[in-house]
Every structure is written in C-alpha cells, then in structure tokens.
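See below for the structure under consideration.
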Amino acid sequence: MSLAARDDTIAAIATAVAAGAGSVAIVRISGPQAEAIGRQLFQPAGKQSWESHRVLYGHVNDPANGDVVDEVLLLLMRAPRSFTRETVVEFHGHGGLVAVQRLLELVLAAGARRALPGEFSQRAFLNGRLDLTRAEAISELVSARSRRAAELAMAGLDGGLQQRIEALRDQLLDQLCELEARVDFEEDLPSLDGAAVCTALRDVQQALDQLVLDGQQAQLLRDGLRVAIIGRPNVGKSSLLNALSGHERAIVTDLPGTTRDLLDYDLVLQGVPITLLDTAGIRSTADRVEQLGIERSRAAFASADAVVLLYDLSRGWSPDDSALRNEVPDGTPLLVVGNKSDLAAEPATTQGLAISARSGLGLAELSSALLKLCGLSGEGQGLLLALNQRQCDLAAAASAALGRSQQAARDGLPWDFWTIDLREAIRALGEITGAEITEAVLDRVFSRFCIGK
C-alpha cells in the first residue's frame, strides 16, 4: 500500500463472521464512493433524511432483482468527521454468516474494493487521524487476553506513548541542533559544554532502556505464558490443572498413565494470561500409545516459556525426579513444586514449594512464584506505558546509537562524529510514532491487524 492516501473506496465485515458468533453484524465502507454505494443499496423507511452522524432505519435491497437482503440500521459519517477522515457508511444488520456475506458482496459489486487487513486504521494514520502508536494500540486492544493488557493498550490509544516518545525525540533534536550549529558556525557561537550534551544523551538513553524493560514485561501480559506441568505418573499434574483452572478439565484417576496426550487450558493468573499444558507422566513404558504421549510431553516442555516440575511430597524427592529436572532445557524458568502436602508425613527429601492440588493449599503462592520466576509481578501494576516488540526493537536501537554517540565524545572526536549516531537515534524514535516511516514498514505493521479494522 502506498504512503499516499488512497482515493478508492474499501469495504469489509467489521464484526465476527462465524455463524452464531453475534446477534449484530457490521459492514463498513470508507472512501469517496461510500455514500453513493449506501444510497444505491439502502431503502430508508419513511421520509428519513440522509444526515451525517444520524442513524437511519430501513432495508438493503439487491439492485438486480429488488429482493430484500436484510433489515438494517445505516450510519453515515461524512468526511472528515470519521475514524478514517473519509466518508464512512456502516450497515448494522443481523448476525450470522449468510446475510452479512451477501450484503458485502453487494457493496463490492457496487464499486467498493475488499479492504486489506488493517486498511481502515492505515487510512486513519495516513490521513492524520492517529499516529502509529495509537494505530498499533487498536490492534493490541482487540487482541488483549487480560484486563491489564487492555488497560495498557488504552494508555497507548490515549496518546501517552506517542507523547513520551516525541518528548524524548525532541530532546535529541535539541542536542542535534546545538551540535550541527557548532559544526557549521563554531567560530560565531559560544563554546558548547560537551559534558552537558553527554548528560542529556545519557538521560534519554536511560529512559529508553526503562521503556524497553517495561515493554518486555508487557509483552508477557499481551501474549501470555505457555507453562508445561511435568512430572512422573500420578504426582497430580492433572489435579493441579483442574485446581488452577477451576474446572474438571482433565480426567483424574489413581491409575498411572491416565493422561496420554497433551491437554491445554487458557486462564488468567493475577492478570497474566497463561496456557497450562498438562503432560503425560514421564516413565519407561512398553505401551506404544503412552510412549507417543510421553514424546509429545518432552517436546512441549522443551518449547514452553516456563516449566512446573511436580513431584509427590508423600513419597519425597527421588532420583527419577532429578533425572527429569535435568531434561529441562538450560535457560527455561523452572519451578519445582511438591504436591500432596496434605498426605505427606515428614518425607526424607523435599524440594521447592509445597502445595495440595486437592485442598488448594499453596496455590496462590505457586501462582506468585511462577510469575516472579518469569520476571513478572502480579498484573504488571507498575507499568504505565508499554512498547510492543517492534517498538522495543526501535527503542533499543536508539539506545545503542546514543551509546555510540557518547563513545565518540569520550574518544575526543569532533562534533560531526557525535551527530552520526544521534541522527540514527532520532530516526529510530521517529519510526516508532510514524514520523519517519517507510512503505514496507507500514505494510508490515498493518498486515497484522484483523480485516475490518
């Protein structure tokens, strides 16, 4: 898609399209022909006038045969008072799949083009309605898996992140102006305090480093954690999954090897989205089906974000438990947990936390310990603004460039050497907000949006 604003008209279904997913479906149209297409398809009831930002009631008719396609509400928003700053028409019809698909087909036949993923938001960006951080926040709000992740997305949508990045970029621009003035007119200007310039650059660098750290924590709040529960047979892995989820998700029996395949369950622990993986008990077995389950279990905990190694407190820690712990890949956060504390008398050998999946004893401590192990405090309460991965990469690149600029100062190099990396830092921050952006980057950002946004 070109960086120039488009002059064609686009359309898409803006709501879930799965059958039965909702009672209302919306077809959104944006562009210079939006109102004309609406007038061609929509027959208002009575003598309602076509006023901007007023809701009209009526029917959509097929121009080919006059058949009524759906009973709808129509919302007209004339440019520039719309999300895209183009004229926008929305048909609000009945949910399901058939009627809304037919309505979209009629809109496309009337002259609109099927919108690409994120194209409505891209037009809002290109037309100056919002900067790139706000546009990305829309996508993050839609995909938020927890309340805290949604709150962080709203902070970005409100412009907090844009203001913070622009303030840091302005500080760097001020320093660049001072340095470039000395390069061109040093004899005509008072001497520049190089130490003060370095201090200003270091302050911005430290602020960027903190934003990157916060962004990494927020990424876990957005994407969640995949946590594998592993252990020998009959240590209570399925019971723990059921206890944490609050549902009888997994079958629990006294027979070893009951769980033969991976079970997963999505939940939120202290505001953090978690996917729990209940794995087959690891042991030697001649049962081919159980062997396949064990192989899948090993693959699951090898790729998990964190591993909970569960053992039976009533039996104590064993060499088999030690062998299983050694299978966990280096660098994977590992939490050792002893289950069945309600049955344990004083076992000779213990490790890690003590819980009872049956009674619930210690589960809150387990949740907190797991999040702490992964570098998260409950719900990321200290976070006010959060960069996504693209923004983190750019902020880190800007920080590294500022480090090189300060090194040039320490090496006693002339002013113009300082400015090389300073310009790179300014460019990277501009790419975060969209002040400096390429067409390829823009396409990559908006391609991750859902269609209709």
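Note that Cβ sites are derived from N, Cα and C of the backbone, with glycine treated the same way.
Now, the feature entries from Swiss-Prot:
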BINDING   ARG28, GLU90, ARG129, LYS453  (6S)-5-formyl-5,6,7,8-tetrahydrofolate binding site
BINDING   234-239, 253-259, 278-281, 356-358  GTP binding site
BINDING   ASN234, THR253, LEU255, THR258  K(+) binding site
BINDING   SER238, THR259  Mg(2+) binding site
DOMAIN    224-375  domain 'TrmE-type G'
In the three-state scheme derived from DSSP, which category covers ARG129 ((6S)-5-formyl-5,6,7,8-tetrahydrofolate binding site)?
coil
Which of the listed binding-site residues (ARG28, ARG129, ASN234, ALA357) has the least company, meaning the fewest other Cβ atoms within 10 Å of its Cβ?
ARG129
Got a sec? Which of these binding-site residues, GLU90, LYS237, SER238, has the most Cβ atoms within 10 Å?
LYS237
Could you round the CA separation between ASN234 (GTP binding site) and ARG28 ((6S)-5-formyl-5,6,7,8-tetrahydrofolate binding site) to a whole angstrom and send it over?
54
So what's the mean pLDDT when you look at the domain 'TrmE-type G' (224-375)?
75
Binding-site residues near SER238 (Mg(2+) binding site), in sequence order, restricted to ARG28, GLU90, ARG129, ALA357 and a 10 Å Cα cut-off:
ALA357
Whole-number Å value for how far ALA357 (GTP binding site) lies from GLU90 ((6S)-5-formyl-5,6,7,8-tetrahydrofolate binding site) (Cα to Cα):
51
Given ARG129 ((6S)-5-formyl-5,6,7,8-tetrahydrofolate binding site) and ALA357 (GTP binding site), what distance in Å do their CA atoms have, once rounded to a whole number?
52
Please report how many Å separate the Cα atom of ALA357 (GTP binding site) from that of ARG28 ((6S)-5-formyl-5,6,7,8-tetrahydrofolate binding site), as a whole number.
49
